[in-house]
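Visitor: Okay, here's the structure, questions in a sec.
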């Protein structure tokens, strides 16, 4: 390929990745905003309600994110079918329908566990009063799981067709619905009973149902999606495609669960160190979570772009799609890392009154954690981008093993050893997380570089 032609191909791919990735990033941030609005309303109920909601949310997240990873198989399977062309409409329809089946199937045991949330929290030695409140909250919030997983399936479908803007607009509308629902149900406005923490859970469930119904409306009414007839005979079982879906999705779900639960475990370690450490950790992890949404959205775009090229059997395009996404993601995280190093006080001030002398210790600790998080950003971005690129090649089992090794085999033990044995305390916990993420990032990128040698490109 002539140099000018190659340069033009790279520019086109970079533009396509950005056009797909930006709406996905914004959709992820909008979904985070729903959680933030819940915290704001619950905070007005008092510190005990806030603590109970945090307990419940941690359990909900651990269970929900396995399902999130499971239904994430939708994007690479749909993208591969579209790239391969052939009988793409039928293949896409089969995959999306079985994605919706998977959302329902997983939600049954997931909701059953959440229904018994109080018993689970008591079993891990949480305070009985907080466990009771968290249990009631979870019995309301659990109804958000089925529509949320269904929304993710349909969002993956429209993203694979490279039309992600509708999902972002629906997510914005869901934020408004969530705020209104909290105002009505938490405090008892417009004649509704004041349900407090339970009302916040119900508001989230209703807003999430709105997310799903909005996406159903889009795929049924928009002519670009309507031709796939996703909901015709949706209850007809397709056991072969369902098995293929779970074969690809189960390792994604496990890897996602490994990552989410290590952060939950890190919070427990911080709790053992003391209240200031836990408060500073909560602030730093919230900042890191916001910036993580950028490479996470770009990684979702990478799965689609790589998946299209993989289905079309275009190895050069596979490389371009992967490296363009990687460059965009790492570039964004480098900017985030610089901001954490140069202006930590500005970032912390969004969550804490840094002028209050009573907050001086938390400010000092949060600033120290953000210094470690600057490195954390680069490797966290690299691992999620690597996972997204490999996912486009339908490579999920080995990345799952990398995640288990890096997070639980190295990251958490390193963090505990540095915190308690070496005396680094909270900085040790964060350093352990960074070490684990760095190992996963190196392993993911090494596998991507060896994709042809290990036979990933020959499976299309």
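Don't overthink the numbers, they just go from 1 along the chain as shown.
Just so you know, glycine gets a Cβ as well, placed from its N, Cα and C.
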Visitor: Labelled transmembrane segment by Swiss-Prot, one stretch among 2-19, 362-379. Can you tell me which?
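Guide: The range carrying the transmembrane segment annotation in Swiss-Prot is 362-379.
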Visitor: Hey, does the transmembrane segment (250-272) touch the transmembrane segment (166-188), meaning at least 3 C-beta pairs closer than 8 angstroms, sequence gap 6 or more?
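Guide: Contact criterion not met.
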Visitor: Counting only CB pairs under 8 A, let me know which of 57-79, 137-159, 198-220, 362-379, 427-449 has the most with the transmembrane segment (325-347).
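Guide: Looking at each of 57-79, 137-159, 198-220, 362-379, 427-449 in turn, the most contacts to the transmembrane segment (325-347) are made by 362-379.
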Visitor: Assess whether the transmembrane segment (20-42) lies in contact with the transmembrane segment (282-304), where contact requires at least three Cβ pairs under 8 Å among residues 6 or more apart in sequence.
Guide: yes
Visitor: Which sequence-distant residues neighbour the transmembrane segment (400-422)? Criterion: at least 6 residues beyond either end, Cβ under 8 Å.
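Guide: Apart from its flanks, the transmembrane segment (400-422) reaches 251-252, 254-255, 258-259, 262, 265-266, 269, 273, 383, 387, 428-433, 435-437, 439-440, 443-444, 447.
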Visitor: For the transmembrane segment (427-449), what are the same-chain contacts with Cβ under 8 Å, counting residues 6+ beyond its ends?
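Guide: Result: 262-263, 266, 269-270, 273, 281, 284, 322, 368-369, 372-373, 375-376, 379-380, 382-383, 386-387, 389-390, 395, 398-399, 402-403, 405-407, 410-420.
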Visitor: Sort out the residues at least 6 away from either end of the transmembrane segment (250-272), same chain, that have Cβ-Cβ distances under 8 Å to it, and list them.
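Guide: Counting only partners 6 or more residues beyond its ends, the transmembrane segment (250-272) has Cβ contacts under 8 Å with 58, 61-62, 65-70, 72-73, 278, 281-282, 285, 387, 391, 396-397, 399-400, 402-404, 407-408, 411-412, 415-416, 419, 426, 429-430, 432-433, 436.
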